[in-house]
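K.L.:
Grabbed the feature section from TrEMBL, which reads as follows:
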- His298: active site (ACT_SITE)
- His343: active site (ACT_SITE)
- 20-47, Lys426, Lys428, Ser503, Arg530: substrate binding site (BINDING)
- Asn299, Glu328, Asp330, Glu377: Ca(2+) 3 binding site (BINDING)
- Ile633, Asp635, Asn659: Ca(2+) 4 binding site (BINDING)
- Asp688, Asp690: Ca(2+) 5 binding site (BINDING)
- 10-118: domain 'PH' (DOMAIN)
- 128-163: domain 'EF-hand' (DOMAIN)
- 164-199: domain 'EF-hand' (DOMAIN)
- 474-590: domain 'PI-PLC Y-box' (DOMAIN)
- 590-719: domain 'C2' (DOMAIN)
- Ser179: O-linked glycosylation site (CARBOHYD)
Amino acid sequence: SRERDNADLRFLLDGAKLTKIRSKSWHKSRYFNLMEDCRTIMCSSKKLGKKGNTFLIDDIESVRKGRQTEGLKKHTDPDEEEKCFSIMFKGSKKNLDFMVNSKEEAHRWVTSLEKLMNHAQNLNKKQEREHWFISCMRKADKNKDNKMTLKELKHFLRQVNIEVDDTYVEEIFKKCDTSNSGTLEDLEIEEFYSLLTKREEIDVIYAKYAKTEGEMSARDLLDFLLNEQREQATIESALKLIEKHELDEAAKQKKRMTKDGFVMYLNQEDGCIFNPAHSPVYQDMSQPLNHYFISSSHNTYLMEDQLKGPSSTEAYVKALMKSCRCVELDCWDGPNGEPIIYHGYTLTSKILFKDVIRAIKDYAFKTSPYPVILSLENHCTVEQQQLMAHHLIDILGSALVTKPLGDTMPASLPSPEELKGKFLVKGKRLNKLDAMFSNNNTTVEEDSVSEEDEAVDCKENDQKKAKIKLAKELSDIVIYCKSVHFGGFEHARDNQSFYEMSSLKESKAFQLADASATAFIHHNMDKLTRIYPAGSRTDSSNYNPVPMWNVGCQIVALNFQTNTKEMHLNQGRFLPNGFCGYILKPEFQRSPSSQFNPQSLTEGPWLQKKVLHVLVISAQQLPKLNKDKQNSIVDPLVKVEIQGVAADNDKKTTHHIENNGFNPMWNTKFEFPISVPELALLRFVVEDHDSASQNDYIGQYCLPLTSVRNGYRHVPLLTKRGDIIPSAGLFVHIMLMDQK
């Protein structure tokens, strides 16, 4: 396999001529090859190795085989399917579409690039740190002689985001320049690196427990795991950690952990704040669907704002790859009899309904096996509705739920486990579900139903709720998610079946959550509720989902394309349980005898009074925000916040540290009293302090309090989009204790 990997690497290094495709007429040759650093790809219009545009392997989100992008579908012929592939980038960078001479060559490009991406991801933290360090070194080495002068060293320090006064720079320089040559080379550079990456805060912890000839024996490490990390560790688990993280073979032979090994352990999954036991699917997935929070998207087709931005199948792919399990389709009559999707009455662009269903089918279960709900907002004529039903049945095939799972009329919703790999259609239905099981064969033909509540909200004030004709074919495939108008909790209790669900606008939902929280929670114990953003949020901003989860709402739909705090909370809520898009609600939101009210906390199983102690110790390698500005070194501060029931909500901020994004230290202690830990989320935000204007965002991390681990922990940092920032992180100490 290693030979194969080397051959793939050689293939990329040698490069080749590809046809880049932008439109029907724009098919141009481009020379494409991997550069010697094995991290950068060059795309040149001249010839191999000549200067051109470059991008990093780290910037690639995925490589797709075949005509999977809108561009390739539009601008190439179907019979060239197997010769095409695309490179999709993180962030807003446009994808690259290519065609090559043969199916084999396309396959080779895709597999080779995927291998290289995997390799880049698998670089462990130490390699990552050194990679990062060496690439900055190269940039700073102006004359490329692999030696660094004092001047180059100063430039280098600016590159790594640390400002050191000149006397200190000279001190480090003299200390490392053992050959007195006026430059640093080889081992001197290594020494410089170790001085620069010194972690005093870890030295102190290590020294306290390294009681065996200055190193940690397995017994010493076990003491640390039991006393500091509060883990249920054994001597076997301590030995496993040494085997896994120790870099020094001699120490490993002696079953000991050096300081380097200890730093490795703290920086990886075993030392992470997020409990790795919650990383796979670990919850009971056999409860009815309405017992789960379900990751849900609003107007999923939109890439940007709600009024004039583009609609795209790519937006569905992005949401599904983030494990979104409920997507929305606004369907309108299109030309040539083909239904289209766009935001009605606006200038957003239009896409074909059938293209969206194909994209959903291809990507629905790549990150999660659990069911996907297709929330239809139907504005089509009967003829085009019939075509919608045809496309759904034809494209999704047996994965589409078209009848209840059992042979008898069910009494509750099926579970995510029973619905693995299935699609559910949410929409209007002409009759009750029981009709499918009754003996009198009265079939209902097309008839009028009231419009979806959200459709009405989108209209001008004077337009009243309209009736629309509903095609029997479309009605028949709405099984477990029949849309009905919400007429109050009492009305719902007396008249609404378990498979009938309502959609509520955020303002109405927040009003109900404030006034009748307990009734709302009980309503959600046997029915699904969907919440959607106000129509006034034309910029695709979001509401806070937490109060909606507090009252047990399952389908809390957010604009997935808007990467602000609300989406970070959503990502944190769904981080555990295999990031599968389903989180089991706490028992007190599922048990009919529960009297839980998030507004006024009485005694009950939900009340578990705790105190969360957070010591924000330090950060490592925070990214520079403005790489073009010479002196743009960050002044970082950390915000720690709790989002949960109103009584638990709190936010605290450290002081800022001047000019140090490389290894700032705060050692700031915070305390948070917690009443309902099962609904609380913990969020860390790192910002660049600015006294004159709003602070700039550097990174954040959010997770449920129930997945937080005690002790000295590494907190990864994510970009606004939710991608991990390589090498960066916070170092904290956490202790969640019972209130005395």
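Cβ atoms here come from the backbone N, Cα and C positions, even for glycine.
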K.L.:
When the Cα-Cα distance from Lys426 (substrate binding site) is computed for each of the recorded positions Asn299, His343, Asp635, Asn659, Asp688, which gives the smallest value?
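P.N.:
Nearest by Cα distance to Lys426 (substrate binding site): Asn299.
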K.L.:
Of Lys28, Lys426, the binding-site residues given in the record, which has the fewest other CB atoms within 10 A of its CB?
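P.N.:
Per-residue Cβ counts within 10 Å for the binding-site residues Lys28, Lys426 bottom out at Lys28.
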K.L.:
Would you mind splitting the domain 'PH' (10-118) into helix, strand and coil residue counts from DSSP?
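P.N.:
Per DSSP, the residues of the domain 'PH' (10-118) fall into 36 helix, 39 strand, 34 coil.
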K.L.:
Which whole-number value in Å describes the distance between the Cα atoms of His343 (active site) and Asp330 (Ca(2+) 3 binding site)?
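P.N.:
Per the Cα atoms, His343 (active site) and Asp330 (Ca(2+) 3 binding site) stand 6 Å apart.
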K.L.:
Please give the average pLDDT for the domain 'C2' (590-719) in this predicted model.
P.N.:
92
K.L.:
Rank aside, I only need the closest one: which of the binding-site residues Lys24, Phe32, Thr40, Ile633, Asp688 has its C-alpha nearest to that of Asp330 (Ca(2+) 3 binding site)?
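P.N.:
Nearest in space to Asp330 (Ca(2+) 3 binding site), counting only the binding-site residues, is Lys24.
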K.L.:
Within a 10 Å radius of its Cβ, which of these recorded positions (Lys20, Lys24, His298, His343) has the fewest neighbouring Cβ atoms?
P.N.:
Lys24
K.L.:
For the domain 'C2' (590-719), jot down how many residues DSSP puts in helix, in strand and in coil.
P.N.:
9 helix, 60 strand, 61 coil
K.L.:
Which residue among the binding-site residues Glu328, Asp330, Glu377, Asp635, Asp688 has the fewest other Cβ atoms within 10 Å of its Cβ, if you could check?
P.N.:
Asp635
